[in-house]
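Please read the structure below before turning to the comments.
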Amino acid sequence: MWAIGGVQLNSRLLLGTAQYPSPQLMSDAVKAAGVEIITVSLRRQLSPQKENYFWDLLRSLPCHLLPNTAGCSSVKEAVNTARAARELFNTHWIKLEIIGDEYTLQPNPFELVNAATILVKEGFEVFPYCTEDLILCQRLVDAGCRVLMPWAAPIGSGRGLMNTYALQVLRERFPKNILIIDAGLGRPSHAAQVMEMGFDAVLLNSAVALAMDPVVMAAGFAKAVEGGRLGYEGGMIKARNVAKATTPLIGKPFLIEKP
């Protein structure tokens, strides 16, 4: 059991709702993984031309909605989108995304901090999508963010942890903040590695939605997240450069050479 934004949760896996072959597969994947928080894009997925089936399906799931500002590239766009999301979904949670480069989808750190400062003052619980840069994360915490969502690698790349050292530093420097890896994971083993490092949760989208079988993959990631967390809580042994026997010598016969 853990808590985020005043909400008690069991699952440490969050799922995005985009790119699935069908809304029903998305729903099945969410249920298979036992997910309790799902993200949704107001700008990319909400359209007056679309049928209400998708939104009805989202609301039917036993999950908390975390709207995001995907597609925004400025403070003004992100803040306006966040305000609209609060009205539409009746939540003060917002996953803050402000992209600074369309090729790498790397967040714009300057706009991100400015937008976070505004939204925190307006009462939002801000979940900022950021890089693993220590100074950026410190500025976000100083702005009032209690949650940080650093990437492991660029969105949708599936590359896994590109900078393990920097991520470990974040965990050590922000022990009281909730840290959720937000992008770049491609395999369940990546998720297990993140959780073994002490991160609080993992957010996935492409790795599940674009898998050959999203439902099976969602279940696999859920088990990996759980296993990694248990490994962290259990206290893993430290790696050694030499072998250490595990079998005691008590009761084991041995020869004594006569002088």
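Glycine is treated like the rest: Cβ placed from N, Cα and C.
Since this is a predicted model, take the numbers as computed values, not measurements.
According to Swiss-Prot, the feature active site, schiff-base intermediate with DXP maps to Lys95. For the recorded site, Lys95 (active site, schiff-base intermediate with DXP), the DSSP three-state label reads strand.
DSSP assigns Gly156 (1-deoxy-D-xylulose 5-phosphate binding site) to coil in the three-state reduction, outside any helix or strand. All protein chains included, Gly156 (1-deoxy-D-xylulose 5-phosphate binding site) registers 16 other Cβ atoms within 10 Å of its own Cβ. The 1-deoxy-D-xylulose 5-phosphate binding site annotation in Swiss-Prot covers Gly156, Ala183, Gly184, Asn205, Ser206.
As a whole number, the greatest separation of Cα atoms within the 1-deoxy-D-xylulose 5-phosphate-binding residue list Gly156, Ala183, Gly184, Asn205, Ser206 is 9 Å. Excluding Gly156, Ala183, Gly184, Asn205, Ser206 themselves, the residues of that chain whose CB lies within 8 A of the CB mean position for the 1-deoxy-D-xylulose 5-phosphate site are, in sequence, Ala153, Pro154, Ile155, Ser157, Gly158, Leu185, Leu204, Ala207. Residue with the densest Cβ environment among the binding-site residues Asn205, Ser206: Asn205, by other Cβ atoms within 10 Å.
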